[in-house]
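Undergrad: I have a structure I would like to understand better, so I am pasting it below and will then ask my questions one at a time.
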Amino acid sequence: MEGENDPLLGSYKPKRRRSSLVYGLSRPQFLDTAASEVSPIPQERPTTSLRKPTPRVQRPATDVSYGALEETEENESIASGLSVQEDFNSKAWWKELTLLIKFATPVVLTSLLQYGEVVTTVFSLGHLGKTELAAASLSNMTATITAFAIYQGIVSALDTVGTQSFGSGNYEMVGLHLQRILAILLLIQFPIFLIWWKIEGILLFLRQDPLTCMFAAKYMRVMMLASPAYALFEALKRFLQVQGIFHPVTYILAIVVPINIFLNYLFVWSPWVGFGFLGAPVAVALTLWSACAVLIIYIMKVNGRQAWGGFSREALKNWGPLCRLAVPGVIMICSEYWAFELVTFASGVLGTTELASMSVLSTTSTLSYNLAFGVAAAAATRVGNLIGAGNTKLAKLATHVSINLGAAIGVIIAVILFLTRNTWTYIFTSDKDVVALVATIIPLVALINIADNTQCVAGGLLRGQGRQRIGGVVNFIAYYLLGLPVAIILCFKLDWGLYGLWIGIGAAILIIAGVETWCSLHVNWDHLVELANRQFDEA
């Protein structure tokens, strides 16, 4: 079969099946950018695809659609070996920035739409009564810290093996890694189901209100229907993202979120088929399974199938390299989730006003974090693809641009929060005590968000570089050996209250931002390419 050699890799690459409707790319724009900017890097790499590779169709290097860069003098300067600092004012720098923003935007919208599903549930059940509202909030928190955050940590391994495999042209390896991820997610459903089935006793042990625990236990048992769907959706979403396909998930959620609102009304409030409190988790389960079904149809019929080589028994073997990325990814993500939940729990000890204020501040911080998370996801895909392609110069530039973009977003949001500190809280509540308390603390939270946005992007870069272990270790030490102890001491021993809690958690975030940013920027890029090659061989 005829084919051509890729100038980046010097070896045959498999052909991708081209879709008639292109939301992503037949060849990722991330790699077209690389091909147009970098002089050929001759290197031999053994093909690790399970099947005999077929030639890949390569679009012209001068194609500027979907973010590909034009051939310019600035691009040539990168290829000729100029440092990244010397190119920061070049057209290539701004093209890189535009590309990241373009692909971060749908990820941000996706995160906000997914968050909207939770808001819909809380809003719907909140009108049934305060016990139902408390039970829904407690259930959502429990589901997040015992399952959903773990799923996100596991699928984050695709940020490394998926992006690098796709960047190297080993497209079907992405599908193989996806199958391994799905197998792991399936296995951990069983211990999670056991915890959820016995959750009432666990919550009572933690001294929660007995009536709230009873409602939460019923809610969690119904949510067992939604748990596999959430895991599948996260895996499929990441499967598309590592291919540079970002928009379809946003479009799908834009369709199913209104459906979720309708189902909440139908199952919770409708006089014909509504059955009250338990109607909300049923609506969540149906919404998630519907989203999965549409996403699978999109992949098989429109775009994304090019990285799916079919089911293989190889997916049941050689989980070691994947687990070595997934475990620190879980620690990296769950450490942050759990730390914030513990701080929220501690604020409840201070009183109702403090708990309500913490809720406002945490929600504000989450909204800010979602913006940075979009940049982190795009940066992980971008850098991982470029490492897989052997394009270290452009990977270095993308890293610098990503860090600067994350910090800039944090600064902009900090300024907005500072200027609206006396009015922002009225979006959530009109309680004067809560408004006054939030107004005194939100300048501190605004400053913390600068570091939080930066560390979020740096964490994404570490995942794209395959260095999750650094993030896992740094997050655990910063939050649990420094941040939380300091927060508890300042809050309860020195009576600094909510201010002390945020100083403690802010100190942890500042350390994480500094260490992870330094690590993501100071990299032996050639060594990362060698590690990627080694992972291909192991897989």
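Quick reminder: no glycine exception, Cβ is built from N, Cα and C everywhere.
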Undergrad: Pick from 103-123, 208-228: which range does Swiss-Prot record as transmembrane segment?
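TA: Per Swiss-Prot, the stretch marked transmembrane segment is 103-123.
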Undergrad: Under 8 Å for C-beta pairs, could you tell me which stretch among 103-123, 141-161, 184-204, 399-419, 496-516 has the largest tally with the transmembrane segment (360-380)?
TA: 103-123
Undergrad: Sequence-remote contacts (6 or more beyond its ends) of the transmembrane segment (496-516), Cβ cut-off under 8 Å?
TA: 339-340, 343, 346-347, 350, 354, 357-358, 361, 437, 440-441, 444-445, 447-448, 451-452, 454-455, 458-459, 462, 470-471, 474-475, 478-479, 482-490
Undergrad: State the residues, same chain only, that lie 6 or more residues beyond the ends of the transmembrane segment (325-345) and have a CB under 8 A from a CB inside it; answer 'none' if no residue qualifies.
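TA: Contacts of the transmembrane segment (325-345) (Cβ under 8 Å, skipping residues fewer than 6 from its ends): 141, 144-145, 149-150, 152-154, 156-157, 159-161, 181, 184, 355, 358-359, 362, 459, 463, 466, 468-469, 471-473, 475-476, 479-480, 483-484, 487, 501, 504-505, 508.
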Undergrad: Give me the stretch from 103-123, 141-161, 399-419, 470-490 with the greatest number of Cβ pairs under 8 Å to the transmembrane segment (277-299).
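TA: The listed stretch sharing the most Cβ pairs with the transmembrane segment (277-299) is 103-123.
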Undergrad: Quick test of the contact rule: Cβ under 8 Å, at least six residues beyond the ends. What residues does that give for the transmembrane segment (244-264)?
TA: 23-25, 28-30, 103, 106-107, 109-110, 113-114, 116-117, 120-121, 124, 166, 237, 279-280, 282-284, 286-287, 290-291, 294-295, 298, 302-304, 377-378, 381, 385
Undergrad: Using a Cβ cut-off of under 8 Å, list the residues of the same chain at least 6 residues beyond the transmembrane segment (399-419) that approach it.
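TA: Same-chain contacts beyond the ends: 84, 88, 93, 96-97, 100-101, 104, 364, 368, 371-372, 375-376, 378-379, 382-383, 442-443, 445-447, 449-454, 456-458, 460-461, 517, 520-521, 523.
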